[in-house]
Structure formats: C-alpha cells, structure tokens
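Enquirer: Reproduced below are the annotations present in TrEMBL:
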type: BINDING; residues: Cys59, Cys62, His63; note: heme c 1 binding site
type: BINDING; residues: Cys210, Cys213, His214; note: heme c 2 binding site
type: DOMAIN; residues: 37-175; note: domain 'Cytochrome c'
type: DOMAIN; residues: 195-346; note: domain 'Cytochrome c'
Amino acid sequence: MFRRIGLIALLGCLAVGAVVVSHQIGHQADTKALLAQRIALGKQLFNNPHLSADGKVRCASCHMPEKDYTDGRQVAVGVNGRTGTRNTPSLMTLADAQETSFFWDGRRSALDQAVLDPLTNPVEMGLHDRAELLQHVQQDPAYAPAFERAFPEAKPAISSEHIAAALVDYVRSLRSPESAYDRHAAHNDKTALSPRALLGLALFQGKGRCAECHRLEGTPAMLTDHTYHRTGVGLDAITTNLPTLTEEVIKRSLQGGAVGNRVATHADEAQLGRFNITQDPADIGLFRTPSLRDVSHTAPYMHDGSVATLDDAIDREVYYRSLQAGHPLQLSVEERENLKAFLQSL
Ligand code: HEC
Ligand code: HEC
C-alpha cells in the first residue's frame, strides 16, 4: 500500500518535473525568439537614414559593417557633412571586451544610453530630442508590427526605451569571428600563430609590457583593462591654453547640457579626455584603453584618429608607454615586425 502511494507520488513528481522542464524549455525558446526579433529590429533602426536631421546619416554610415563597424576616417562625419572630434570605434569589441563604460572618455556607464546619444548629437545624426526620434519612428508604418513582435507585452510598444533596447541587442550581437589568437589561447592550437606572431606575443607580455593595459585575460581575451591612461596624443596642441580651456569646461558643465555634444563640437576640449567627465585635473588627457581586437582592420588609430597606420601606432605606444613607465624601450626593426604580426592575429 505504502509502496503504491510512494510510486504514485514519485510519478506525480516526475510529471510535475516534466511540466516544469518543458515550461522552462518553452520559456527559453520564447526568449530566444524574442531576442531574434529585437536584434532584427535593432538592425533595421541601425540602418535607417530617416532617423537623422538631413535624412542621410544612419548608424551604419560611421559604423560600417564592411570596415569592422568603423569608418576608416580620422574623425567621424555626420549630418550636413559636419565633422566631429573623435575617431569612430568598432562596435564588434563591445561584447567580447565586456565593456561597462562607453565612448573614449567613458562618459556613459549604460549601453542603453550610449546607443541613443548619437541620434541627438549635433554632428552625428542631429535630431532635436527624443520626441523627434519617436515621431520619425512612429511615422514609418513598418515599425508598429516590428515593435509589437519585439516587445509583445508592452503598451505602447514604440518608446525610446524600446528603441534603445533593440539597438543594444543588435550592437551586442556584433561579434568578430574567431581570430588566430583566439584559437591559440582557447584551444591551445599550436599552429594558430606564426613563429613571428609567437615572438610578438612574448614581447607583448614581456618587455613591451603591453598586456599590463591591453589584458590577455578572458575568453576571448578582453585586450583592455577597462581604465584610463594618458597617451601624449593630442595633448601638445592644447598645453599652452590649458588653464582657460579647463575653466571653460567647468563653466559649461555647471550649465548642464550633454557632455557628448560638447566634446563632439569642441576639438580642443575633446583632447582633455576623462577630465570632461570628472573635472579632476589628474584626469586631463586620459582615455579609455581600447580593445585591440581586429586592430589591423580599424585604422586610423587613437581617440582623435591622428595616427594613420598600425606601424605608427606601435611606434608611438612603444615609445610613450615605456617612457611613462620609466623604462625607455628600444625595439629592433625585427622586434617591431614581430609585435605587428601578433597584433594582426588578434
Ligand atoms: C557621425 C558618425 C556616427 C554615427 C552616425 C554614429 N556613431 Fe556611434 N560613434 C561615433 C564616434 C565618433 C564614437 C566615439 C565618440 C566618443 O568617444 O566621444 C561613437 C561611439 C559609439 C558607441 C560607444 C562605443 C565604445 O566603444 O564605447 C556606441 C555604442 C555607438 N557609437 C553606437 C552607435 C549607434 C547605435 C548609432 C546610431 C543610433 C551610432 N553609433 C551612430 C560615430 C558615429
Ligand atoms: C598604460 C596602459 C597602456 C599600455 C602599457 C599600452 N597601451 Fe596601447 N593604448 C592605451 C590607451 C589608453 C590607448 C588609447 C590612447 C588614445 O586614444 O589616446 C591605447 C591605444 C593603443 C593602440 C591604438 C588602438 C586604437 O584602436 O586606436 C594600439 C595599436 C596600442 N595601444 C598598442 C599597444 C602596444 C603594442 C603596447 C605595448 C608596447 C601598448 N599598446 C601598451 C593604453 C596602453
């Protein structure tokens, strides 16, 4: 008798368990399907030029898929041909580097804010405000069903939060294929790196000290330390009027207004880097360590795009970083080639 009750109870548990499991699997499938809808919607928004003031600029005008989501320009060119002050970073590194601060000066700590900023930046997409963004999206009849599919439980489905969420899911879905270095690091594939690149790796970790900031931890390697450092790039041009410049920044920041709009329209203030966010003199000229993933495809280099080639970028980094660390480093031509071969494997 007891045994039979036990058996029934056991069967009952199994049945409940099966329902829970199938419910979970169903839920996972739902989430996956929803994510796919959001990524598709994000991609549509990313490629829509009508979300800009002159109807010509879309996210993909600067983050071009064929250029690893950069634009190959020194600094970005937005609505009505206006130029900004910063080099366009690749978006393919964001997910792998597990970035938690965004833009060269880290002025945003949430990606859902970072993806909306370009839309109202006066030299990028140039819309007045989020209300104008909503109007443009609502006017296009194709969007209503796409938003309802992507956000089925929300009313209204079209909102700036949902525009941001779809863009975030799309941007996070952009990942570069496995690199030679990934194969070397993750699968211990001894043939993945050329002998030259292996020597370059030893330099990168060893006397070059590159890995102190472009860190090799993580799978795939993050290639950044998520913090800010001075480069010397661009600072020479502003040292003479530094006091006036820093006063201006402090004055303007007291008036409020978006930091991103200010740095994109004032080339010399943009060179102050992290100082624009913290107003701490110790942060003058500090920039976020960029991930070096796909770095051989993302020229020109540095926050202001002032370094044209990978060779020049390596030369500058070897020179300035070793000088800063107090161990000036001379690399032979051969060693520089090795370092370059390693960077090309990333
Ligand atoms: C006119 C060119 C241009 C357009 C258009 C543009 N961007 Fe960018 N994007 C840039 C530049 C330049 C930066 C770096 C700005 C800075 O750091 O001050 C950037 C930075 C970013 C970042 C931060 C990346 C990082 O590594 O921190 C994200 C995310 C981003 N853009 C997404 C978008 C999205 C989404 C759109 C469309 C809604 C868009 N961008 C439109 C030029 C552009
Ligand atoms: C102290 C930290 C630090 C060290 C050490 C360091 N870097 Fe960097 N690296 C940075 C920062 C910060 C930037 C961005 C500077 C800027 O934009 O002004 C950068 C930029 C770069 C860039 C340009 C990337 C781009 O997308 O624009 C390359 C290439 C590079 N570093 C390679 C190296 C190499 C090679 C070494 C070793 C010789 C090295 N770095 C050592 C912090 C560091």
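Glycine too: its Cβ is placed from the backbone N, Cα and C atoms.
TrEMBL: automatically predicted annotations, no manual curation.
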Enquirer: Within 10 angstroms of the C-beta of Cys59 (heme c 1 binding site), what count of other C-beta atoms is obtained when all protein chains are considered?
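Expert: There are 26 of them.
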Enquirer: Over all shown protein chains, what is the count of other CB atoms within 10 A of the CB belonging to His214 (heme c 2 binding site)?
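Expert: A count of 23.
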Enquirer: Any idea what the Cα distance is from Cys62 (heme c 1 binding site) over to Cys213 (heme c 2 binding site), rounded to a whole Å?
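Expert: Counting only the Cα atoms, the answer is 27 Å.
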Enquirer: In sequence order, which residues at least six apart in the same chain have a CB under 8 Å from the CB of Cys213 (heme c 2 binding site)?
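Expert: The answer is Thr224, Asp225, Thr227, His229, Thr289, Arg321.
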Enquirer: Which ones in the same chain are close to His63 (heme c 1 binding site), with CB under 8 Å and 6+ residues apart in sequence?
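Expert: Correct list: Phe46, Tyr69, Thr70, Asp71, Thr88, Ser90, Leu91.
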Enquirer: Fill in the CA-CA distance, Cys59 (heme c 1 binding site) to Cys210 (heme c 2 binding site), as an integer in Å.
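Expert: Their Cα atoms are separated by 32 Å.
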Enquirer: Quick one: average pLDDT across the domain 'Cytochrome c' (195-346), no decimals.
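Expert: Mean pLDDT, the domain 'Cytochrome c' (195-346): 92.
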Enquirer: Starting from the Cβ of Cys210 (heme c 2 binding site), draw a 10 Å sphere and report how many other Cβ atoms land inside it.
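Expert: A 10 Å sphere around the Cβ of Cys210 (heme c 2 binding site) contains 24 other Cβ atoms.
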